[in-house]
Structure formats: C-alpha cells, structure tokens
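Per TrEMBL, these features apply:
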- B:22-463: domain 'Amidase' (DOMAIN)
- B:LYS76: active site, charge relay system (ACT_SITE)
- B:SER151: active site, charge relay system (ACT_SITE)
- B:SER175: active site, acyl-ester intermediate (ACT_SITE)
Amino acid sequence: MASDTLMKRVGKIAADSNNGRDFGQGSDVLDCSFLWPFMAFLNAVLDRSRAVTRLSALFYGQADFLENLMALERSDVEKIAHLARLGLNEADIERTTGTLNDILGLIDHMQAVNTDHVEPLAHPLEAVQRLRPDEVTETNQRDAYQTIAPAVENGLFLVPKVIE
Amino acid sequence: MHMLTLAEISRALSAKEFSAEELTRVLLTRIAQVDPQLNSFITVTEAQAIEQAKAADQRRAQGETGALLGAPIAHKDLFCTQGVRTSCGSKMLDNFIAPYNATVVQKLADAGVVSLGKLNMDEFAMGSANESSHYGPVRNPWDTSRIPGGSSGGSAAAVAARLVPAATGTDTGGSIRQPAALTNLTGLKPTYGRISRWGMIAYASSLDQGGMLARNAEDCALLLQAMAGFDPKDSTSVDQPVDDYLASLEKPLAGLRIGLPKEYFGEGLDSRIADLTLKAVEELKKLGATVKEISLPNMQHAIPAYYVIAPAEASSNLSRYDGVRFGYRCEDPADLTDLYKRSRAEGFGDEVRRRIMVGTYALSAGYYDAYYLKAQRIRRLIKNDFMAAFNEVDVILGPTTPSVAWKLGEKNNDPVAEYLMDIYTITANLAGVPGLSMPAGFVDGLPVGVQLLAPYFQEGRLLNIAHQYQKATDWHTKAPTGFLE
C-alpha cells in the first residue's frame with residue numbers, strides 16, 4: 001500500500017475537486033482482477049525481477065488459473081513457425097513454446113471482459129479507406145530498387161528454382 | 001554550443017553567432033568522442049550533415065529565415081533516409097539503403113534541418129529497453145549500467161547526453177514517452193494520423209505514430225510545426241489543419257481542468273514516483289489548474305489487447321521480409337521455402353520472432369474472432385473511457401512509467417515483465433489520443449516523467465501545459481554529469 005504521506009497528499013488533492021473521492025481506499029484501488037491468474041502464474045513459474053514482484057504484490061490471491069490456459073504444444077509452435085515462414089531450430093522451439101505460453105497467458109485474460117454489443121475499433125478516428133483516382137503517379141525505378149536486391153539478373157529478382 | 005536547446009540554436013543562428021556548419025562540426029566531434037560509451041547512433045552521416053549545414057548557411061545568406069534552418073537533429077533508424085542505411089535496428093535491414101525519404105525526413109530537410117545520422121532502437125521498434133537492437137544495447141547517460149528505455153532508446157540517450165538537441169522517435173505503445181521519462185526529456189506522441197507514417201518502417205500500423213524527443217516543450221513545438229500535416233501518401237493520415245503550436249505555448253493555465261485517473265496510482269507504482277507526480281500536480285495548481293479524480297476503468301485490459309493487436313499487425317507487416325527483393329538473404333538456400341524460412345529466422349532477433357509468432361497465431365484460422373476482434377472491441381472500450389473522461393476534464397495526468405530505468409539485462413529472460421512496464425502509455429496508442437511525457441524530478445538520481453494525455457489533435461494544449469510547467473520548474477534543465485564537459 002502507498003505511504004500515509006501519499007494518501008494525505010492525494011486526499012488533499014481529491015478534496016479540492018468537485019466530486020473528489022480518496023484514491024486507493026480499500027480494495028478498489030485498481031481493479032486488476034483479470035491479472036490475478038496471470039500474476040499467480042508468473043509467481044509460480046518465472047524468475048521475477050524486483051519490479052514485477054512489486055506489480056504482482058497486488059494480484060496475489062487466486063490460483064485456479066491453470067485450467068484457463070490452453071497451453072500450446074510443441075507441435076502447435078512448429079505449425080505457427082511454418083505459417084510465419086520462420087525456420088526455428090530444436091532449441092528455439094523448446095524455448096519459444098514456453099515464452100509463447102507466458103504471453104498467451106497474459107492475452108487470454110481478455111476473454112473475461114464483456115464485449116457484447118461493442119463494435120471492434122480499427123482506426124481511432126473511425127477513418128475509412130481513402131480512394132484516389134486510378135492514375136499512374138509513380139515513375140518506373142526498377143533499376144534503383146534492384147540495386148539493393150540480394151540477387152538480380154536482366155531486371156528480374158532471382159530465387160532458387162521453383163519448378164523442377 | 002552543445003548545451004543549447006533547439007530554440008536557442010535557432011536564435012543564435014539567426015543572430016549569426018555561429019554558422020550551421022560550425023555547430024554541425026562541433027556536434028559530430030562530440031558524437032565521435034562520447035557515443036562509444038552510449039551506443040546511441042547506428043550510423044553517423046558526417047558528410048551529408050556537413051553538406052546539409054553548408055546548404056542551410058547558404059540559404060540563410062540568401063536571406064531565407066526559418067526557425068529550423070540549420071538546426072541539427074538525428075533520426076530514429078526506422079525513418080527512411082534516401083541513400084543512407086535504414087536498419088530498423090535489425091540484421092534483416094543491415095544492408096538496406098533506403099531508396100527514398102520518409103515524409104517526416106523530407107519535411108524536416110525542406111525546413112533546413114541538418115540530420116547528423118541514424119539512431120539506435122529496439123529491433124523493429126519492439127521493446128521497452130533498447131536491448132533488442134542488432135547493434136547492441138544503448139546505455140542511459142544518467143547511469144550507464146541502466147537501460148535508456150525503448151524503443152526510441154538511441155534518440156533518448158543522444159539527446160540526454162547533449163549529442164544532438166532533439167531527435168525523431170516513434171511511439172507504438174510508449175516508445176517516445178517512456179524513454180523520454182527515463183532520460184529526463186520531453187517527448188510527444190501526437191494524435192494517430194497527425195504526422196505522416198509514409199517511409200516510417202511499419203510495426204503495428206493502427207498504433208504507430210511518429211513524434212519527437214527534445215529538451216523541452218518549446219523544442220517539441222518547433223519540430224511538430226514542421227513535421228505535422230496531411231500526407232496523401234499515408235492512407236491513415238488525417239486531413240486536418242495544423243495548429244500554431246508555438247503560439248499556444250504561452251496561454252495561461254488558469255481554469256485548466258486536470259483529471260487524475262485513480263487506476264494510475266494503484267499498487268505497482270513506485271510510491272516515490274507517485275509523490276513526484278503529485279508534486280507536479282501541486283505546481284500546476286499554483287498555475288491555475290483545478291484537479292479532479294477520474295476513472296479509466298478499462299485501463300487494465302490495455303496490455304492484453306495491445307499484445308494481440310500489435311503482434312497481429314506486425315506479423316502481417318513483417319511478412320514482406322522474405323529475402324527476395326531487399327534485406328537479408330540466407331546463404332545457399334535449398335529451395336524457395338528454405339530461402340524464406342532461414343532468411344527470416346537468421347535475419348530477425350528473438351523478440352521480433354516472438355511477436356511474429358504471437359501475431360501469426362492470433363490471426364490464424366479459427367482464432368481471429370477470439371483474439372484480434374476481441375482485442376479491437378476492448379480497444380473501443382478504452383477509447384470510450386477517454387471520451388467520457390474528456391467530458392469532465394481537459395487533460396489527464398499521471399506517471400509515465402511505474403519505475404525508473406532498470407539495469408541492463410534485468411528483464412532479458414522475461415518478456416512479459418518488460419511488457420508490463422508499458423501499462424501507463426499503451427492506452428493512448430489504442431485510443432489514438434496524443435500524449436506527452438515531461439521531466440518531474442528524480443528518484444535515486446534517476447529521472448522521473450509525468451505523462452499528460454489530451455483529446456484528439458490537442459497537441460498544442462499538451463505543449464502549452466508542459467511549457468508553462470517548465471517555466472515554473474527546472475527539472476528539465478538537469479543534465480547527466482559525465483557527458484557535459
């Protein structure tokens with residue numbers, strides 16, 4: 001909990017406001033209940049830094065988290081790596097499986113939020129895709145662009161043989 | 001000369017106290033001497049800088065004026081600079097010589113700005129510590145055993161050490177504001193769409209926004225004036241007139257309504273940072289502001305939503321790095337799939353690969369609704385929180401970061417711990433509102449920043465408040481001692 005001095009000072013500020021309530025009284029300091037399972041998981045599994053220990057202090061208390069986690073298996077990670085065209089070696093896959101599960105554990109707490117009847121937000125200002133007349137606006141700069149290509153020949157980009 | 005702010009340089013150049021070329025040479029010499037301790041630059045463009053400085057001096061000799069004519073800055077290495085390597089902190093783009101200028105780079109060059117080079121950053125802007133760079137970590141000038149923040153860590157370290165008076169940066173989840181806070185600088189992330197993203201290498205396109213890190217609000221205003229504006233080449237650029245940011249600096253703060261979100265002052269925040277934040281509030285009250293408690297109830301959902309949206313967009317954006325047309329290509333590929341897989345595995349570092357994997361999973365068949373769409377719905381809840389708060393108050397104030405700069409290597413094996421450090425900054429990116437971090441004191445000799453958030457397109461208001469605060473306080477004038485000689 002924050003220091004008494006802080007409470008007094010915040011209280012003083014809050015008292016100045018029109019409908020000021022004290023900060024941080026009781027249990028509604030910061031409703032991070034969505035993070036409880038995650039933080040408990042962290043506490044159980046990870047070698048935490050001091051800062052995380054500080055953050056996690058708030059979130060102790062619930063440990064029925066593991067059943068919520070749909071842990072990725074090694075085969076899932078291999079499949080994702082293939083979809084992303086990332087050639088991971090054995091050691092990478094091992095390591096990545098653990099880290100991805102940590103990250104997905106964090107992400108999965110979104111599911112507890114009620115978003116019924118809430119429209120997805122793609123652009124903060126709700127802008128729609130701007131259209132322009134279908135006119136040629138760029139000049140051909142193939143030679144310039146090919147100077148930075150890994151392999152070219154006769155103005156073509158070279159890749160390994162695709163058709164046997 | 002290197003201790004001058006951008007505004008002071010501008011006045012000195014117009015009073016002909018020194019030339020742009022003289023200043024540029026002084027700064028280049030300092031970069032060569034000091035930067036080996038910090039690693040803030042990836043590329044120093046000495047020849048181009050002197051050429052640009054001479055051109056600026058010539059323009060001035062021909063009677064041209066302009067606040068930024070001959071003023072030196074440096075660019076985060078994800079803004080494309082024609083003819084200069086633009087690496088994005090990645091091995092993938094170590095050999096990438098940009099064939100064109102980003103709009104931001106071009107606009108600043110047109111204004112006569114001299115670019116000294118390209119600044120270090122987290123690889124593809126993914127990180128909060130500047131430790132994921134292919135070119136090695138950047139050190140914090142306030143304590144070289146600590147991180148400078150990220151992803152604009154090179155920008156922060158270079159400006160804090162007075163190697164350059166200001167720098168460009170980008171902010172996808174706090175990458176301008178957090179390093180600014182950890183190095184005692186003023187950093188501004190404008191409204192999404194205020195500054196063109198064209199030529200800014202994409203990380204998460206619906207969140208990325210360019211901005212700047214400088215020594216004070218006045219310098220940020222000078223740069224924003226030149227950088228902001230509609231760009232038809234950026235499909236998400238917003239066609240809205242650009243305010244006169246310099247004129248708005250001097251507005252008195254009487255009647256300003258500040259909201260303190262109770263969620264920003266909970267446990268997890270270093271209580272000494274809370275104290276300094278409230279001290280800044282007291283100072284603003286003396287300047288005429290009123291203060292009120294508010295609530296942003298969905299703040300806590302921002303990190304999970306962000307770590308779906310950003311990796312999802314990144315996995316799509318980074319699919320272009322395939323080893324075919326530019327960038328890194330592996331040796332002796334067996335076939336096309338091998339070419340793709342090894343070029344990408346060898347060209348990207350750990351954190352980038354990790355986020356591509358998370359994003360690929362979130363967007364894969366059967367998971368799109370549960371992850372990406374869900375995150376976008378939460379994003380709307382977060383935006384709605386801000387809209388409701390801004391009905392009651394003019395700006396929102398809180399700490400920029402929950403802790404001061406941590407030790408290099410401290411969170412290396414724990415990406416999730418590092419993700420949690422962005423708790424206070426991420427909401428502004430999800431909602432698209434502008435945010436500014438300004439120096440507000442020190443804890444154990446390390447800088448602390450206070451964050452201000454405003455409604456869309458009210459960058460002028462943020463700069464105004466920061467400027468008035470900086471006229472009444474001197475935190476922003478403190479510089480790290482080892483780098484001043």
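Placed from the backbone N, Cα and C atoms, the Cβ positions cover glycine too.
Automatic prediction, not curation, is the source of TrEMBL annotations.
Other C-beta atoms found within 10 angstroms of the C-beta of the residue listed as 'active site, acyl-ester intermediate' number 35, with every protein chain shown included. Separation of the C-alpha atoms of B:LYS76 (active site, charge relay system) and B:SER151 (active site, charge relay system): 9 Å, rounded to the nearest whole number. Rounded to the nearest whole angstrom, the C-alpha distance between B:SER175 (active site, acyl-ester intermediate) and B:SER151 (active site, charge relay system) is 5. Under a cutoff of 8 A between CB atoms, and with a sequence separation of 6+ in the same chain, the neighbours of B:SER151 (active site, charge relay system) are B:GLY89, B:MET121, B:ASP122, B:ALA125, B:MET126, B:GLY127, B:SER128, B:ASN130, B:THR170, B:THR172, B:SER175, B:PRO179. The predicted model assigns the domain 'Amidase' (B:22-463) a mean pLDDT of 97. Under the DSSP three-state reduction, B:LYS76 (active site, charge relay system) is assigned to strand.
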